[in-house]
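Structure record follows, encoded as structure tokens.
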Amino acid sequence: MPTTVSGPIKSVPGERRDRQVHTGASATTGMDIARSLRAEARRANERRLLVLAGDPDRTRERAATALDLADVPSAETTVVGPEPFLDCEHHDQSRAEELLGRTRTAVVFDAHEELRPDAVGRTVGAVDGGGLYVLLAPPLETWPEERDGFDASLAVPPFGVEDVSGHFRRRFVETLRAHRGIAIVDVDRGTVEQDGLTDPPPSRPVPSPTPPTDAWFRSETYAQCLTDDQRDAVQAFESLQTAGEAVVVEADRGRGKSSAAGLAAGNLAAADRDVLVTGPQYRSAAEVFVRAAHLLEAFGVDFTRDRSSDPQRLDVAGAGCVRYAPPDEAASLPDGPDVVIVDEAAALPVRRLEQFLDAPAVTFATTVHGYEGAGRGFSVRFRDRLAESDLAVTDVSMTTPIRYSDADPVEVWAFRALLLDARPPVDQLIEDATPETVEYRQLSAADLLADTHLLREVFGLLVLAHYRTEPSDLARLLDAPNLTVRALTHEGHVVAVALLAQEGGLSASTRATMYEGGRVRGNMLPDVLSTQLRDEAAGVPVGQRVLRIATHAAVRSRGLGSKLLSEIRAEFADHVDWVGVSYGATPELVRFWADNGYNTVHLATSRNATSGEYSVVMLDPCSDDAAALAARHREWFQDRIAAVLSDPLDDCDPDVVRAVLRATDGERPVSLSEWEWRLVAGVPGGASVLDTNPKPFRDLTRRHLSHPADATALSPREERLLVRKVLQAHPWSTVTEELAFVSERECMRTLGGIVERLTRLYGDPWVQEELDRHL
């Protein structure tokens, strides 16, 4: 039963009264609960969550009073929200990342104007043990029915914000009411719905980790380790002194992995090693430099910083250094580092991560749960590449929190509310799944909300299907009116899942806005075809775009992904014009989609910032209108592909080019003039004629790679030679080395032989006679 809060709190001698409320209203009504929460949190070295629900001004006033009563200094408080209503640090929700890597005694999260799930995920981890996370919200009974700025971002045309369901916020409120350590105060009624007190035993002093007996790092290093996990991670880093070693550290947020990396970096620099640190942003790696500098000071060695705060380089006198470079610069291993430390590796594309495998020694540290996300790139694809490398790999897992007790209820709540710990089903439950044993299911948001295990399995698989998954993706899954979920289940457990987005069906005015360069939310495929490829009518047909698709790792290569796509097409074929997809192209993925009936209509000319690959757009038409749409875009793609491959796409993987062209599914004849055919026929007499006019050779290559008259005419290596030399115009020397020819002469002769075979396949009889004159 809610309890009534007593009347106004009077000042008590010795209390902090230094906060100023900028609303102009008095901060009254008893908030003794805050004092009790803080006291309990400090005794147990845990955090507590205080929800103040009601009128915006009143909740802000009560927040000021609560923090005063809880004896939280303004200097240790941050407000995250639209207004800086306290005399303390303030950030908008859009700038919540400013709290990453920092520690605060209290964070006040003002959710009155909007609730951004990513901002919650980024800020809750900043609260130290003994601290408070204060959430300001509208009345909880009506909050799920309200629509805010974040909800508006989920409404993509032709849907409006009124179509957003509010399921995420409803579930969010339910978790607040269900979890330990969370106090809820209705400031309008003056009642405490729940006090959040758990009566935990006092925290016991944690003994310092025992240093390893055979340590190579100096003894001062292990004296700075706070947990056994951290000690074990630091000891694993000792292997980096030897070339050919790799260390992979996976940890939840707040486990001290960056600090452990910093302790290792300090030791290595003191031992005359050049340590290169990189990460998606400097702030994610800043703790490495803080900890390395502290350790060097403990060593008593002379070293310099390139700047007094946030240093990006530490130089040890007469020894090595620790230096930072952003990933695009660090990937070339500038100045030959001895060791590379990649922080938050899961946030980097696989293509970028692979480049660090050339370092003498390397560590990859990443967050397992949390907004940073460990998605397909790191957990699946890159792990495979790492295993194939020549590096000896040491795996380290860190689970013990550094700054608060491992029984902390706020972390438990955050993991549940944001599904940061979502996982697919364990292998044993689904290892017998086959296309014949699975059930196709249409999963509504209501279905997912009603079954927590089902929601965790679905979201856990979707996390693995993408390079980076954030809490906002959970809100989209539950609330976005254009999204639907389809899955295959085996004995009730999810083995494959797809997230679909409705696109197209746009009004004339929306299509005009899009065509003229205006921003229209969602509708990625119509946007690309309309804005970039100048086809305004592309927004008329209605389609379903496959945003993500994933199959459980234990049952891959059994045809379950194809089974799911087949069921999706069968369900939607009579209701939409097309099913489509856009993704970072790899040879394997392009072949998968092509085998399932999808055809190439576009290949982006810049790499995707998330995947690091060139994105391909593919369509599977379901209606005559969509068939016409796909046909004209296939034609236009064939028209332009040779030109873009020799310029913006000249570094595209030749196997991607081969797969993308083969997936165009359009037989376009070779159209060469008589003179161009004579040029082609002359290549066997000297491949240098290719430089005279590359156009006919490109047309012939495009024809064969997209729709070969004889698919066995050329080997994969010969097709790669066509891509690299004819389509991408790489120098002979580069092609010779990449494709392992003995000499440039051999490379030229091979190309001449290839052109001869293609000429006989596609040339008229008189062309073959011309060819014979040069043999």
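From the backbone N, Cα and C atoms, a Cβ is placed for every residue, glycine too.
Per Swiss-Prot, the features are as follows:
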type     : residues                                                               : note
REGION   : 1-33                                                                   : region 'Disordered'
REGION   : 191-215                                                                : region 'Disordered'
COMPBIAS : 199-212                                                                : compositional bias 'Pro residues'
BINDING  : Q230, G254, R255, G256, K257, S258, S259, A260, A261, G262, L263, R403 : ATP binding site
DOMAIN   : 438-623                                                                : domain 'N-acetyltransferase'
BINDING  : I549, A550, T551, R556, S557, R558, G559, L560, G561, S562, E588       : acetyl-CoA binding site
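Sequence features annotated in Swiss-Prot and their locations in the structure.
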| residue | record | DSSP class |
| --- | --- | --- |
| Q230 | ATP binding site | helix |
| R255 | ATP binding site | coil |
| A261 | ATP binding site | helix |
| I549 | acetyl-CoA binding site | strand |
| S557 | acetyl-CoA binding site | coil |
| E588 | acetyl-CoA binding site | helix |
Fewest-neighbour residue among binding-site residues, criterion Cβ within 10 Å, set T551, S557: S557
Non-local residues, at least 6 beyond the ends, that sit with Cβ under 8 Å of the compositional bias 'Pro residues' (199-212): 40, 43-46, 219, 222-223, 225-228, 230-231, 235, 405, 407
Cβ-Cβ neighbours of S259 (ATP binding site) (radius 10 Å): 23
Among R255, K257, which are binding-site residues, the residue with the most C-beta atoms within 10 angstroms of its C-beta: K257
A261 (ATP binding site) versus S557 (acetyl-CoA binding site) - Cα distance in angstrom: 37
Rounded distance in angstrom between the Cα atoms of Q230 (ATP binding site) and G561 (acetyl-CoA binding site): 40
Segment confidence, the domain 'N-acetyltransferase' (438-623), expressed as mean pLDDT: 94
Nearest-integer angstrom distance between the alpha carbons (Cα) of R255 (ATP binding site) and I549 (acetyl-CoA binding site): 31
Candidate with sparsest Cβ neighbourhood (10 Å radius) among G559, G561, the listed binding-site residues: G559
Structural state census, the compositional bias 'Pro residues' (199-212) (DSSP three-state): 0 helix, 0 strand, 14 coil
Integer Cα-Cα distance in angstrom, A261 (ATP binding site) to G559 (acetyl-CoA binding site): 42
Of the binding-site residues listed as K257, S259, L263, the one whose CA lies nearest the CA of G561 (acetyl-CoA binding site): K257
